[in-house]
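Q: For reference, the structure I am asking about is given below.
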Amino acid sequence: MLKLLSRLLARLPMITVRRGKSLLEISRYGSRRTRLPSFFRQFGPVKNVVLIRGHEDPGRNVGYCFLIFGGPTAEEAAVRAVEFDGVEFHGRLLTVRLDDGSRLKARAEQRAKWMSGEEIVPRSNWHEERDAACWNFRKVLDTEPENWQAVVSAFERISKPSRREFGLMVNYYARRGDKHHARATFENMRARVIEPNSYVFTNLVHAYAVARDMRGALSCIEEMKSEGIDLTLVTYSILIGGYANIKDTKSAEKFFKEAKWKLTSLNAIIYSNIIYANCQTGNMTRAEDLVREMEEQGIDAPIDLYNTMMDGYTNVLNEEKCLVVFERLKECGFTPSIISYGCLINLYAKIGKMSKAVDVSREMESCGIKHNSKTYSMLINGFIKLDDFSNAFSIFEDMMKSGLKPDAVIYNIIINAFCKMGNMERALRLVDEMQKEKHRPSSRTFRPIIYGFAACGEMRRALDVFDLMRRLGCIPTVETYNVLILGLAHKCQMEKAVGVLDKMILAGISPNEYTYTTIMEGYAAEGDIGKAFEYFTKIKEAGLKLDVFTYESLLKACCKSGRMQSALAVTREMSSQNIPRNVFIYNILIDGWARRGDVWEASDLVQQMKLDSVLPDIHTYTSFINACCKAGDMQKATKVIEEMESAGIKPNVKTFTTLIRGWSRASLPEKALASFKKR
């Protein structure tokens, strides 16, 4: 069979084309796909152009190629093309010879030897050295992938890397998310006039996708299409996975639809990626539909897909369905992994059921699966959210006893715990310890420390920590600036807060809606309605999302300054934006009317609140009682107290204080004393 193939290859009509200068100079006039075929197409249809980079004589590697004609007149076309021997082509003389097929025959014979296990004699010392360098490069890739210096050195030792080696190098950078070096390697390959194929292009797309630069990934796709290279199933999977990571479900669905239309069949990987995209955005209905579609196609779901669905239900806090998927996983013959148990632990930590989270961790350990840093961090963080610091530190001690060392995530969680406890000095010492353990602090490390100092009024210390963060090379994020602005706003230092906002903009960091809302909160506390509306306008001009918190801040400014008509205009705008009023909005409005002693407007709001199915809380009743007391209607105030107690809400100190002031204004000291005794 191999001999017959060799004879057939030898009979293919071919010509050998050589140029006087290097192969690189050919690329100045265009690639082999455009220049050479167009020049020789006058003799007949050109089937392919094969550039030779591995000739027995390394000196002949440059500017040497085979041009293969196709069609029924291929042989005649090759004979006519030989007549062009010695003609000028872009300023250089061409050497054209009719090929006898010896090279392809030799390659076929060499492959036959390789298939039979015979020892292959290298064509030259140069080829032997090059093959050894290629083999060493692939070995380093397999054994030392984390040692990037060794990988790069091994690649650079290859004399004239082939497309395969360039593809492997681009793939290596892609897995690291290093899009810049991946692109540089790709361009280096092109500079050597090595045409990229779908594998190399897909690896380049992967590099941009891992770096979360989907605009760059799309640019590669356009480049790929312009060269007539079709997207493969792997390319589509990488694109969909990239969009899933940045939570762009719309774009992921677009490419999934295109893949279904262009490809004959899909696999479990591409389905897993599109399901992951929908799980990331909480669209579990669509994720469930995709799982059913996958089953209808006869594609078996891998365990990773079950874990993805469990993670999706964790994100939407659906305990029931998460447990159903966990049981289904076991029914299908899969053994739950640490990821499966981790999803359950994360779910219970998020919904505050830490006793169940601990039970799951014990079940996991009983199955012989040891905790890792991630599962420990979920447990610790869950207890910290409940302010259960003793159990959080107990889990931390268990982790240390197991031999695991804290990573940057664990350090950040423990620092946050100390900040919540008010132990700021211990938090700062942990930052030093973190650095000694070769973990680099991030903006997330410093954010709770800055907030901790700001919350207790130590703005100077907060600013010092902010400067320390920048000296350590941590770039402040919008969240970091927001914490500083929040601290200054709480201290009513609005000039300094606006100064921080200006520095933030100069640093090239765009404020978000929370930034402006915090500034509005500060001005609302001062009753400066003009400034509050000014920053409300800036939110609109910046195209940021208006939410209920933004309107809360604006209403506080209106009510604090006594501008209740403006407050009503704000509520009308809320309705036009389809933003429903919550209990906080009603409380602000009732409190505003209470300041003016308008019991009728306050009463109407309480009734409207009940019609909107918004349950009044302790603040609602206290503000309404205040309105009654200021209007001198103590009988109504007494009825509100009774209504409040019948609703199961106990009056607090502020409620009784408001009531005592009301009885005092009504010149009924005995009633005031009775209220004082009830307190």
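Cβ coordinates come from backbone N, Cα and C, glycine included.
What TrEMBL shows for this protein is this:
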- 5-101: domain 'RRM' (DOMAIN)
- 197-231: repeat 'PPR' (REPEAT)
- 267-301: repeat 'PPR' (REPEAT)
- 302-336: repeat 'PPR' (REPEAT)
- 337-371: repeat 'PPR' (REPEAT)
- 372-406: repeat 'PPR' (REPEAT)
- 407-441: repeat 'PPR' (REPEAT)
- 442-476: repeat 'PPR' (REPEAT)
- 477-511: repeat 'PPR' (REPEAT)
- 512-546: repeat 'PPR' (REPEAT)
- 547-581: repeat 'PPR' (REPEAT)
- 582-616: repeat 'PPR' (REPEAT)
- 617-651: repeat 'PPR' (REPEAT)
Q: Which whole-number mean pLDDT does the model give the repeat 'PPR' (477-511)?
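A: That region's mean pLDDT is 87.
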Q: For the repeat 'PPR' (372-406), find every same-chain residue at least 6 residues outside the stretch whose CB is under 8 Å from a CB in it, and list them.
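A: Cβ under 8 Å, 6 or more out: 338, 341-342, 345-346, 348-350, 352, 354, 357-358, 361, 364, 413-414, 416-417, 420-421, 437, 439.
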Q: Can you tell me how the residues of the repeat 'PPR' (442-476) break down into helix, strand and coil by DSSP?
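A: Going through the repeat 'PPR' (442-476) residue by residue, I get 26 helix, 0 strand, 9 coil.
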